[in-house]
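Okay, structure first, notes after.
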């Protein structure tokens, strides 16, 4: 019994060990089957299937899964319980998928299309993401290629510039001392290039009007700029001469001013930072010049001229009842070249008083009174809330009229009471007016008259080195070609119409042999009242009058100027040439040249169309002689 008791526990223990071994073997065998199960590799193959292959339908997938399950059941009949659980789960999944498919079939057609489009967009985005790295690599390669190409080009450009610099240095070394002359020559070439461009612009003008506008020496009356204008008159200033062309740079400090006023009007007192030479071209005037110790008034008529120094206070009256007053002035600015300003002591609606520029304390100390009284008497009230009485007082003082105001008969009589007239004959005074036609003309015949006042004959214009000319050309007459040796003349057309021809020189540069070629250039324009014409020194000129023409001229740099005529019986420089020189320089013989010069028996002025008129008379004479014969023959036949 005791042995049985001992063996029974051992038997139980052995059975337990065997059971444990069997269980462990079964577990191991089950894991081995799980590892060897072909379902998972197939599922991985499904997951790793190439996305480019067309997707299979759900029915095909279910058939494949069912086929795999049948194989597993045949291969492993011992996995009944676990297989039943898995089959139940798969059945539930199939039902869910079947329900989802039924719901999708019940959705509208456009929803399915929308899903398909979304899937297509997702596929395109995925493809774009896959292609993006490749694009970036290509862009980097292109950038690297372009940068290398640009570096190569920049290197070539640097080498090219270096070679050009070396060539330039070699040329400079070879030329040596002539480099200074070449730099001057280059500047002159640039200057002449600008002139050539201007002249080409003039040649391009097809119409006469465009040609007039492109002529640098001609300024129409429309080129005046209005400084002030009201119902009583206007003040105009011509544009600067040097703005048109650099050939007139020596005239940059000279301006032409013109003012016109109605009858019985007064141009208010003022002074300017410019010297003036004024000339009356229409009507009558009374000018009053105010100095610190005295006041002088002069009566001016047509052709009278007067020097008005800079800083001199003056005012001009038009005393005539019918005629307008027209005055032309040559202004010579003092402070700034080409710019001048007028300073008025009184305030108007268009002009402030120079007293308004001072402070209140300065004005009170200057006039030794309160500022209110100074404002009431000199400055006027600028407050819009001034009372009616003050406003009426300002209207009576003509502050609302402007710079040119009307005056009464009584005021005109008082202003002219002590005025002096200009000197018609004898020696001109040092301060009073003088008339341009007071002396005999220097050139005169039946076709015209030429008056001139030179600096050595008049002390008023001597320090300014200015001369004045006044020319009268009859209708159909010609001022013969001539040129001035030193003076530059600014001509103002006072009255009439005509044509002028001015001869200049154009410089051209030949690039091959680097030589300058001078070509003759002709400038011409139609002249009318108010136009301005500039005649440079040394430039031949002729003027043809289509109606009675009157010209006023200001000569700049006029001291010792000489006028040289190119035709006519007197003062003809061509006539004074030696006979041998005439033989050399002209195509014709010396006898032919002298005979040609002697054909013109007039001097300075001549008939503008002598040959045409003579031919016309000859034709009329021949027609008159043939008249009776032709009438008889026509009667006979």
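Positions of Cβ are set from backbone N, Cα and C atoms, glycine also.
Residues annotated as compositional bias 'Basic and acidic residues' in Swiss-Prot: 33-105 (among others).
According to Swiss-Prot, the compositional bias 'Basic and acidic residues' annotation covers 136-174 (among others).
Positions annotated as compositional bias 'Basic and acidic residues' by Swiss-Prot: 184-203 (among others).
According to Swiss-Prot, the compositional bias 'Basic and acidic residues' annotation covers 389-417 (among others).
Residues or ranges marked as domain 'Cupin type-1 1' by Swiss-Prot: 217-375.
What Swiss-Prot records for 434-594 is domain 'Cupin type-1 2'.
Secondary structure at residue 544 (N-linked glycosylation site), taken from DSSP and collapsed to helix, strand or coil, is strand. Annotation for residue 544 (N-linked glycosylation site): same-chain Cβ neighbours under 8 Å, separated by at least 6 residues, are 477, 478, 479, 498, 499, 500, 501, 608. Swiss-Prot lists 544 with the feature N-linked glycosylation site, giving sequence analysis as the kind of evidence.
The region 'Disordered' annotation in Swiss-Prot covers 33-221 (among others).
According to Swiss-Prot, the feature region 'Disordered' maps to 384-439 (among others).
According to Swiss-Prot, the region 'Disordered' annotation covers 606-626 (among others).
Per Swiss-Prot, the feature signal peptide maps to 1-30.
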For the domain 'Cupin type-1 1' (217-375), what is the mean per-residue pLDDT, to the nearest integer? 93
